[in-house]
Each structure stands twice: as structure tokens, then as C-alpha cells.
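Participant: Sharing a structure, written as C-alpha cells. Questions coming.
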Amino acid sequence: MTEKDPLIKRSLNVETDFEIENSSSDLSDVINKKISNKKPTKDAGLYSSIANLTNAVMGAGFLSLPYVFSGMGWALGIIMLVIIGILCWYTLQILALSIREAGVSTYEGVAEAAYGKKFGIFIKICIFGVALCASTSYLIIVGDTFPKVFQFAADQDESYFWTGRVFISLLIMCCIIFPVSMMKRMDSLRFTSSLSFVSIIYLLSLLISRYPTYNHSFKTHHIYAWKGDAITVLRGIPNIIFADTAHIVLLPVMGEFKNPTNKRITVLTSTTIFLCNTIYLLASLFGFFTFGVTTPGDILNGYKKTDVGAIIGRLAIGVSGMVTFPLFAHVTRNSINETFFKGQPFSWARHTYVLLIFATITQTLALTIPQIQLVTAFSGSTFVLIGVFIAPALCYLKLCIPNAHWKTKLRYWIIVGFGICAIGLCLTMTIYNKIINK
């Protein structure tokens, strides 16, 4: 008899997903193991964990997905958003199972348990790449939005240094982002994550409410269901994948998650992915239906500069980017501590200078890179594809079903193959689109 796939044994629903009867290695026991040489405090509730994970996922994708829909057409855009959303949710589940089997609490730890130290180092590099690109994208959002809000409020243009991008970006980094990022525990960010979610809801309300006002100038033939050429699809896929990335933040969230049973983790991941993709879908449709073929890469750029609602929307997305940066700073610090300072007691000095270096690098990139689409497309074509599809499937094959029948393994090899092919094709299209075909 062949060994069954654990995901086949359990129906994929909230009540029974990933239940392991009479198992002494329940996921809660695994997560309760040491993350450092100190016993972790695990008092983060379901709400705060969903808030932090949702905050990590939402952000840059909200601004760029309407543009992706304008390239694909609304019907094809919906199909791609649903397919990629389901794949991201599924790989989150198999990543959670791999954690249980490996008995570790970090992504790189799972990779090292499956394929050795070199693969673990490779995953660390990918995690840093995702965190770097995501953090840079949020700082680009801050730099794009707050100066325009300040200029509107002061009735000044950008010629004054105190209303310019560089000064305001550095001011917000020093006075708000850096101090918030200094928090030791991710659970402490639940309040700022809630603020970010409220900001996103306001933006969604803005897109819906402005639809009747702005769409009158566009004829119906500008709104198409299916454009669907291969180049357009490949250009859009990295942005959708980047928008659904939750994998590298999942493990730190789980490390502080109170009573992290398999059922509760399934509720956490399912709620997050469903909530984010529902908001993405509504924002993409109303953004595309409003501006048609003229949909800008940053949807807020389509509104008039004197539109007060849009100005508040810029402030809202700026706040969202501002309070999301600390989540990825937390992930980066964890990875650096596990790599270079494993087993050492907590140090505020180390905590500070690691954050200072990371903030300096990302802020420099944010002030240098002109468009957020370049960051999301590059990251979605490389690091994210590895962390979201390839690595979870490979680790699951090695740790959970090493002796299973080839038919059981086939679906996971398909996920690996999809990730590898997508890297080559999407990266090629990204380079072509951004450099050759400006």
C-alpha cells in the first residue's frame, strides 16, 4: 500500500483541516519550543494575529492591481487573482505542516531540516530579499503620498525643501517609523495594524464612491473582459503574487500566537487570504471600471489633485505603508539574529543597530527607485516565487511525504515546476517591460 498524502486524509475545511488525532507532536507543542534561549511569551490572540498578517499582505498590491486588471481585462484578472490566491493559501497550509514535522519555528529552519544548511542559507537570502523589497515598496508609498498631502495642506509646491519628498520621507522615518519598529514583540504592533486596515477600508470606499463621478468620460468599449495575450499575463502575475505574500510573516506571527492548534492556524491563514483577496478584487474592479485603459500604475494618481477625498486617501495609504514597515523589520531582525547571534541573550544595542542598518538601506532604495511597480514586479518574479511556491512544496515533499506514491507527490512537483517556470518567464517580461519597452 502506498502512503497517503496528509492533505488528502483531511478535508480542507476549518473543522478538520490538518487535525492529527492522538499525536504527541501537535503544532502547539512545536511552536512552544524555544525561538531563542528564552521561553517565548505566547499571548497573541486570533484577532491581533489576523490584523498583523493582513497588514503584512495588504499595501502595495492595493495600488497596483487595478493597473494589472487594465492589462488583462476584468474577467481574466479575476481568474488569475482567484487561482493565485488559492495557491498561496494552499502553500501556507503545507508550510504549516512542514513546521510540525521539522519541529522548528523559522522558515529557514524548515528549509535546513529538509535539505541541509546550504538550502537554509539560500532561503534566508530569499527571506531577506522579500523583506527588503516589501519594506522598500512601503517607503516608496510613504514618499509618494505624504509630500502631496503636505503640499496640499500648506498650499505650497515641491520646490520648498520642507514639502519635498526627501525631507518628509526622512522626517517620517526618524519620528514615526523607526520608533515603532523598535518594538520588541510583533504582537505589540496589533494596534498599528488595525489602523492600517482601517486606512485600506477607507481607500476601498473611496474607489467605490468615486466610480460614478469619474467614469462618465470613458466609453464602455474601454472596459474589456479579456485582453489575455501571454505577455500581458506574464507582466501581471508577479504583481498579484507579491500582493498575496504572507509566508515570511506567518512564522513570526505563529511564534507569538496563543494556543496555535492546527484548527486555529487554518482559521488564521484562511481568514487573512480571503479578506485580502476580497478587498483586492473590489479595488481592482472599481479602479479599472473607473479609469479603463487609462488606469495608472498607482490608482490614486488617476484622481484630481484638488479632490479632498483622494488627498485623504493618499494620507490613508501613506499611514498604511508607514505602519506596515515595522512588520518586515521584525522579520528581518529575526532572520539576522538566527543567523549571526543565535543563542545570545536579547540586546537593545544589537536590536537598534540592526534596525538602523536595515532602515538606512531601504530608505536609500526608496528615495532612489522612481516607481513602486519596479519593486513589486522584480520581487514577485524572484524571491517571492521561491518563498511562496517552490520552497514550501519542496519542504513538504521531503519532510511530510518522503515515501509517498509518485501520484501523491505529483501535485507538489507541479507547484515547484510552476514556480521555476514563472521565475524565468516573469523575470524576462519584467526586464523587457521596464528596460527595453519603456
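Heads up, the Cβ atoms here are built off N, Cα and C, so glycines get one too.
All TrEMBL annotations are machine predictions without curation.
Pulled from TrEMBL, these are the listed features:
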| type | residues | note |
| --- | --- | --- |
| DOMAIN | 46-426 | domain 'Amino acid transporter transmembrane' |
| TRANSMEM | 44-65 | transmembrane segment |
| TRANSMEM | 71-92 | transmembrane segment |
| TRANSMEM | 121-141 | transmembrane segment |
| TRANSMEM | 161-182 | transmembrane segment |
| TRANSMEM | 194-213 | transmembrane segment |
| TRANSMEM | 233-253 | transmembrane segment |
| TRANSMEM | 265-291 | transmembrane segment |
| TRANSMEM | 311-331 | transmembrane segment |
| TRANSMEM | 352-372 | transmembrane segment |
| TRANSMEM | 378-400 | transmembrane segment |
| TRANSMEM | 412-432 | transmembrane segment |
Participant: Name the range, of those listed as 121-141, 161-182, 311-331, 352-372, 378-400, that has the largest tally of Cβ pairs under 8 Å with the transmembrane segment (44-65).
Facilitator: 311-331
Participant: Which residues of the same chain, at least 6 past either end of the transmembrane segment (265-291), have a Cβ under 8 Å from a Cβ in it?
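Facilitator: Distant contacts of the transmembrane segment (265-291): 14, 17-18, 27, 46, 49-50, 53-54, 57-58, 61-62, 65-70, 74, 77-78, 81-82, 85, 88-89, 92-93, 96, 200-201, 203-204, 207-208, 210-211, 214-215, 218, 223, 243-244, 246, 250, 253-254, 257, 299, 302.
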Participant: So which of 71-92, 121-141, 352-372 is most in touch with the transmembrane segment (311-331), counting Cβ pairs under 8 Å?
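Facilitator: Between the stretches 71-92, 121-141, 352-372, 121-141 has the largest tally.
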Participant: Take a look at 71-92, 121-141, 161-182, 412-432 and tell me which one has the most Cβ pairs under 8 Å to the transmembrane segment (352-372).
Facilitator: 121-141
Participant: May I ask which of the stretches 161-182, 194-213, 378-400 has the most CB pairs under 8 A with the transmembrane segment (121-141)?
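Facilitator: Of the candidates 161-182, 194-213, 378-400, 378-400 scores highest.
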Participant: Could you give the residue numbers and ranges of same-chain residues that sit at least 6 residues beyond the transmembrane segment (378-400) on either side and whose C-beta is under 8 angstroms from one of its C-beta atoms?
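Facilitator: Answer is 6, 87-88, 91-92, 94-95, 97-98, 101-102, 107, 110-111, 113-115, 123, 126-127, 129-130, 133-134, 137, 237-242, 244-245, 247-248, 409, 412-413, 415-416, 418-420, 422-423, 426-427, 429-430.
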